[in-house]
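Q: Mind having a look at this structure? Questions to follow.
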Amino acid sequence: MSAQAQMRALLDQLMGTARDGDETRQRVKFTDDRVCKSHLLDCCPHDILAGTRMDLGECTKIHDLALRADYEIASKERDLFFELDAMDHLESFIAECDRRTELAKKRLAETQEEISAEVSAKAEKVHELNEDIGKLLAKAEQLGAEGNVDESQKILMEVEKVRAKKKEAEEEYRNSMPASSFQQQKLRVCEVCSAYLGLHDNDRRLADHFGGKLHLGFIQIREKLDQLRKTVAEKQEKRNQDRLRRREEREREERMGRREALRQCVSPRSRSRERRRRRSRSASRDRRKSRSRSRDRHRRHRSRSRSHSRGHRRGSRDRSSKHKSSRDRSSREKSRDRERKEKSSSERRHESTNGKSRSKRSEEREAGEI
């Protein structure tokens, strides 16, 4: 690309499609379905992996830096929610990459010799140390290129320590299997970019892999995908809350509108009737309150009178019991007098009958003598 084309691209990126009044460029908007939404968010795999072993070629959708600038300007005013489209694009790409990784692992398992679980664990340890060395060397080279020499030297010292650990792990792995099998190149598939890594790769090869554009590009794509997932989840939650709030406001406004319509439809006569009803309701409510108050007063008065009557009954009961006992006494005395009188009258009758019988006997006796 020439210097003039680079400057034009830079101006497009900064000012958008309307920088020089070119109407032909404004025919395609950034909201068009033909525009790559991943490119607008700067995460299209076609751009990130360009020039690598897995170069995907040109994207089927439109890539334009000016449209990206238009999107960045418009996204400050309103939420366009293009993250969902970009997330779907990256998820499909990463799923395809993971599928290729699994196929490569199966192919290696079919071609390489079977080893025991113990030997496989030792080989895995050597692979992990190789990855640590490659990552540290790539980081040291990056810091050295940025001019941070001291940090780069510290990382190189850590690399020497990891190399010593790798040497010990290789000795254990060599002693656990025959020499002929050890000389065979043992491969491993990189979990990030699905590239092949050898067990006996030197440090330069490891540094080139972990610091290369392919591996770093896949790391960038995977990190961007995680970021998009979090952003989409947050925005969906916010949208759901806004939608729920708008629905509640709409329902509240509809209720208020119905009430207002009912008020407007009511005629003056019905309004006066409604007022009279309200007054009658309030008057009946007051009457009920006054009745309840008088009822409460009556209840209190009755409770007091009951307590007073209980006390009066108690006293009268005591007096009646005393009067009754005196009456019983007098009745007993009267019955005794009556018994005495009856006894005396019976005695008198008996005496009179005895006297008559005696007089008869004397008369009979006198008559016999005569």
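Just so it is clear, glycine is given a Cβ too, placed from its N, Cα and C backbone atoms.
Caution: TrEMBL annotation is automatic and unverified by curators.
According to TrEMBL, the protein has these features:
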COILED    94-172  coiled coil
COMPBIAS  232-262  compositional bias 'Basic and acidic residues'
COMPBIAS  270-326  compositional bias 'Basic residues'
COMPBIAS  327-353  compositional bias 'Basic and acidic residues'
COMPBIAS  360-370  compositional bias 'Basic and acidic residues'
REGION    232-370  region 'Disordered'
Q: Which residue counts does DSSP yield for the compositional bias 'Basic and acidic residues' (232-262) in the helix, strand and coil classes, in that order?
A: 31 helix, 0 strand, 0 coil
Q: Across the whole of the coiled coil (94-172), what does the mean pLDDT come to? Round it, please.
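A: That region's mean pLDDT is 81.
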